[in-house]
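In what follows, a structure is listed as structure tokens, so that the remarks can point back to it.
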Amino acid sequence: MNHTDEQYRDIPTILGLRSPAAWMVVVFVLAGYLVLAFRHVGHLPNPWAMVIAFLGITLGGFLIIRIEEDPLPMRAALALAGISPAISLLFATQLIPGELARNSTWFISAATFLICFTAIRGRIVVAWASMLAVSLIIAGWGFLHGLSLSFGFWKMVFPVNLLILATILSVTMRPVAQKIFALQEETLHRKAQQASVLAVLEERDQQLRKLDELVKPMLERIAQDSPLSDDERRECLLLEGQLRDSLRARSLAIPVVQDATRFARDRGIDVVLLDDGGLSGVDSTTAKTVFSTLADALSSARGGSVIARILPPGRPLVATILGSDTDTISRTSIDQNGSVVTDIEATG
């Protein structure tokens, strides 16, 4: 389904009434009625009646497609249902006995087309009222011109049967449509759950691979009988800090920050990274500013400690960085727009 169809879950969606193909069908149907109208226009004392009738049918056809609500709004349904009796009454004032037999009643087919789609679009009572009005007009025309009541019956029996089918279609399709869309929703939900599970599994596998690459060599070294050297002990402390960062500050687990953190700890600086999830709601430019600012703060630190925290979502500030040594305390804040403000205070 395309984006437009996903906004609606109703009969017009199932029938494709909102698709470009539906507009093409309406155009072709109207073109057919236009040919019939011109073919029999000579039977009318006033050709303008044909023009008015065709304009009414055209309006009705486009109302069926253009109105998105389902069922049709009552005003639109009444307007649509009023077109068929109106054009029937218009032709009844123009036709004379004998012309009906020569197939001048193409307007009955057009009226039936509008009435049936009124029923399909959920206004069954209005559609039947419109069909009753058309039937009375045709039967009344026959009666006024000396024809029997059976004339109206035989002229309207086929349109009425079509409306019965349209009514059955409208009544039966709505529960089916609800089941179809419920199944579709369930399928989409199940696929989303499967995708979520796969994403979690993929993330777990990726973390396991990283963990294996990171600590496996040192674990193998520890498993040996010989004692660790001072450099190896320092490497263990660096690995422990990196593992702690990956748990407490996952959004900061990128190479530029990890490298700067490792080098800072190797110089004896106490580094603490905390992540409360605020980077999830900012754009990439602000996130890059946070990463680069933190990396610079770690690289420029010569002693003491560096504490960096990603704040919770919704705060004016995204991150804060507190650096301290024997001489100064620096406080750096980064807001949602990526603006960086640093305050330095002397401690001596």
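For all residues, glycine too, the Cβ spot is worked out from N, Cα and C.
Over in TrEMBL, the protein carries these features:
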- 21-41: transmembrane segment (TRANSMEM)
- 47-65: transmembrane segment (TRANSMEM)
- 77-97: transmembrane segment (TRANSMEM)
- 103-120: transmembrane segment (TRANSMEM)
- 125-144: transmembrane segment (TRANSMEM)
TODO: Could you tell me what the rest of the chain brings near the transmembrane segment (125-144), counting residues at least six beyond its ends with Cβ under 8 Å?
DONE: 74, 77-78, 81-82, 84-85, 88-89, 92, 95, 108, 111-112, 114-116, 118-119, 151-153, 155-156, 159-160, 163, 166-167
- [ ] May I ask for the residues of the chain that lie six or more residues beyond the transmembrane segment (103-120) and have a Cβ under 8 Å from a Cβ within it?
- [x] 11, 15, 29, 33, 36-37, 40, 43-44, 53, 57, 60-61, 64, 72, 77, 80-81, 83-85, 87-88, 91, 95, 126-128, 130-131, 134, 138, 155-156, 158-159, 162-163, 165-167, 169-170
